[in-house]
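TrEMBL lists Cys98, Cys103, Cys139, Cys143 with the feature [2Fe-2S] cluster binding site.
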Amino acid sequence: MQQHVIASSSPNPRPRARDLSAEEIAEIEHELTLYPTKQAVGLEALKIVQRHQGWVSDESMLAIADYLSVPVSELEGVATFFNLIYRRPVGEKVILFCDSVSCWIMGCDKVKAQLSAHLGIDYGETTADGEYTLIPVPCLGDCDKAPVMMVGEAMHRHLCVDTIASVLPLKNVRGDK
Ligand code: FES
């Protein structure tokens, strides 16, 4: 049922820089007023483009590198280090599932198994309907309410196997939204 895996760069031969939109440029220009060097704006520029495009394609990566006059390899390094820069298309909602100590202790492995069974995807995959992408993350900072995950902007705490289906409704099941 999975669609694709988030991994490293695209197999497209020789991608070319796309044109950044006016909105993207305006936001990057704003960041340039806040940081001492163009290099320092790399991560913020990646986040801006991701916010507008949903993910950072090779073409977007090249466009940012051109705009900031930084080596694309340097920008790739930033994107790799900051694992919430998506280098493949993601679903409408990204699930950030905490995969760290306090959540382990509170049984997140069972919740994760239920979640994967419910959605039919594993880490790095997107549901066939394009609704959800599942990504493991280190501590989400809500350890006393473990296990936790974020779905889009919403944090879900005290997760348990029985509530996964209601937290993550499937669009195509009985018309659920
Ligand atoms: S370990 Fe899961 S929120 Fe901190």
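Start at 1 and count along the chain as shown; that gives each residue its number.
Here the Cβ of each residue, glycine as well, is placed from N, Cα and C on the backbone.
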Next on the checklist: Same chain only, sequence gap of 6 or more: which residues have a CB within under 8 Å of the CB of Cys98 ([2Fe-2S] cluster binding site)?
Outcome noted: Cys108, Pro136, Val137, Pro138, Cys139, Leu140, Asp142, Ala146, Pro147, Val148, Met149
Checklist entry - Can you list, in sequence order, the residues of the same chain other than Cys98, Cys103, Cys139, Cys143 whose CB lies within 8 Å of the CB centroid of the [2Fe-2S] cluster site? => result Asp99, Ser100, Val101, Ser102, Cys108, Pro138, Leu140, Gly141, Asp142, Ala146, Pro147, Val148
Checklist entry - Helix, strand or coil: which one is Cys98 ([2Fe-2S] cluster binding site) in, per DSSP? => result strand
Checklist entry - Taking each of the binding-site residues Cys103, Cys143 in turn and counting other Cβ atoms within 10 Å of its Cβ, which one has the fewest? => result Cys143
Checklist entry - Using DSSP and three states only, what is Cys103 ([2Fe-2S] cluster binding site)? => result helix
Checklist entry - Around Cys139 ([2Fe-2S] cluster binding site), how many other C-beta atoms are within 10 angstroms of its C-beta? => result 14
